[in-house]
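Novice: As annotated in Swiss-Prot:
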BINDING   Arg48  NADP(+) binding site
BINDING   Arg130, Ser131, Ser132, Asn242, Ala243, Gly290, Lys305, Pro306, Thr307, Ser308, Ser309, Arg331  FMN binding site
Amino acid sequence: MSWNTFGRVLRMTTWGESHGPAIGCVLDGCPPGIALSESDIQPFLDARRPGQNKFTTQRKEPDQVRILSGVFDGQDGVQRTTGTPISLMIENVDQRSKDYSEVAKAYRPGHADYAYDAKYGFRDYRGGGRSSARETAMRVAAGAVARLIIPDVTITGYVREIGGDAIDAARFDSDAIGENPFWCPDADAAKRWETLVDEARKAGSSLGAVVECVAEGVPAGWGAPIYAKLDGDLGGAMMSINAVKGVEIGDGFDAARLSGEQNADPMRPAAEGSDAGPRFEANHAGGISGGISTGQPVTCKVAFKPTSSILTPVETIDTEGNATEIRTKGRHDPCVGIRGTPVVEAMMALVLADHMLLHRAQCGQ
């Protein structure tokens, strides 16, 4: 199976399956001399880790990362990157493959089962194999390294909508994001979602979500025209995440409903004595114009579909083409967008770090 590598200069290759012995990634292109240990990566994996509450899958994975290569202790006793490929690995410890006996014989509508069979003629049905969101743990690990390459950039993801119930922007509180299991900046919405997601879980169903991600501290100039646009790469990165069906940069589709003057981001001269660049009065563009960052926050919204693996019976066909029904047992997220939030952050970090290195290679700064 090909197409397991992401990035141009900073290249991440992930490997492994949901119910295999381990998952891992190789991150190539990381500059040398960056202090890096497992403790720099683990907190981000802990944020994504399954089984922490009833609103996510009950699969219990400690997700303890090991750095296998690409680092060495310097003379100061600090472990640093060497510039060679960084290999990361996480062991799988809580697989229950017997839960997927029905999936071996029938396709889950909305899942990758049929598409994988149609393309390859063979698939690992245990937990979805390579198509499982288990793979995204390695994106989060690689994203943690990418953040160290761009230390002046702050990346924040949060859930803005679950099952059609959106946050109230007037109640936005960034401090609330880490205080509830939904990455929600609106405490009232988080309370409502407790009931909403729990009801879906008990009914054997699932819900979709919208995740927003904001990167602050991105300087003007990252990105490139035409075929290496920053927003183009962001869109592709987010669409590569399991269950993602839509991405908006800045105002996205709302921009199509505005007039030219409404959609403009008016510019004002920089404050006297400042070298911070012009001041913008709005950010409809999401911090990117012409495929290149403007110095404003880079923003995107990511739409996650409802989890396809549900206990509710759904009409389908078996591998012989006969009509049947399927109920997916196993352990699955009632709303995959919740744990998708750290993954969105990680992909933002990987894209931005890659473009920083591209910019430095071409422009020398």
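Glycine is no exception: its Cβ is also placed from the backbone N, Cα and C atoms.
Keep in mind the model is a prediction, meaning the values are calculated, not measured.
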Novice: List the same-chain residues at least 6 positions away in sequence whose Cβ sits under 8 Å from the Cβ of Lys305 (FMN binding site), in sequence order, or say none.
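Specialist: Listed in sequence order: Gly110, Gly208, Ala243, Val244, Lys245.
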Novice: Within the chain of Ser132 (FMN binding site), which residues six or more apart in sequence place their C-beta under 8 angstroms from its C-beta?
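Specialist: For Ser132 (FMN binding site), the qualifying residues are Glu17, Ser18, Asn242.
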Novice: So how many other Cβ atoms are close to Ala243 (FMN binding site), meaning within 10 Å of its Cβ?
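Specialist: The Cβ of Ala243 (FMN binding site) has 24 Cβ neighbours within 10 Å.
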Novice: Do me a favour and check the Cα-Cα span between Ser309 (FMN binding site) and Arg48 (NADP(+) binding site); whole Å is fine.
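Specialist: Pair distance, Cα basis, whole Å: 19 Å.
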Novice: Around Thr307 (FMN binding site), which residues of its chain at least 6 apart sit with Cβ under 8 Å of its Cβ?
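Specialist: In sequence order, Ser206, Ala243, His332, Asp333, Pro334, Cys335, Val336 meet the Cβ cut-off.
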Novice: Return one of helix, strand or coil for Ala243 (FMN binding site), based on DSSP.
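Specialist: Note: Ala243 (FMN binding site) is coil by DSSP, not helix or strand.
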Novice: With DSSP assignments reduced to helix, strand and coil, which class does Ser132 (FMN binding site) get?
Specialist: coil
Novice: Between Arg130 (FMN binding site) and the residue listed as 'NADP(+) binding site', how many Å separate their Cα atoms?
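Specialist: On Cα coordinates alone, these residues lie 18 Å apart.
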Novice: Determine the minimum-neighbour residue: among Arg48, Arg130, listed as binding-site residues, which Cβ has the fewest other Cβ atoms within 10 angstroms?
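Specialist: Comparing Cβ neighbours within 10 Å for the binding-site residues Arg48, Arg130, Arg130 has the fewest.
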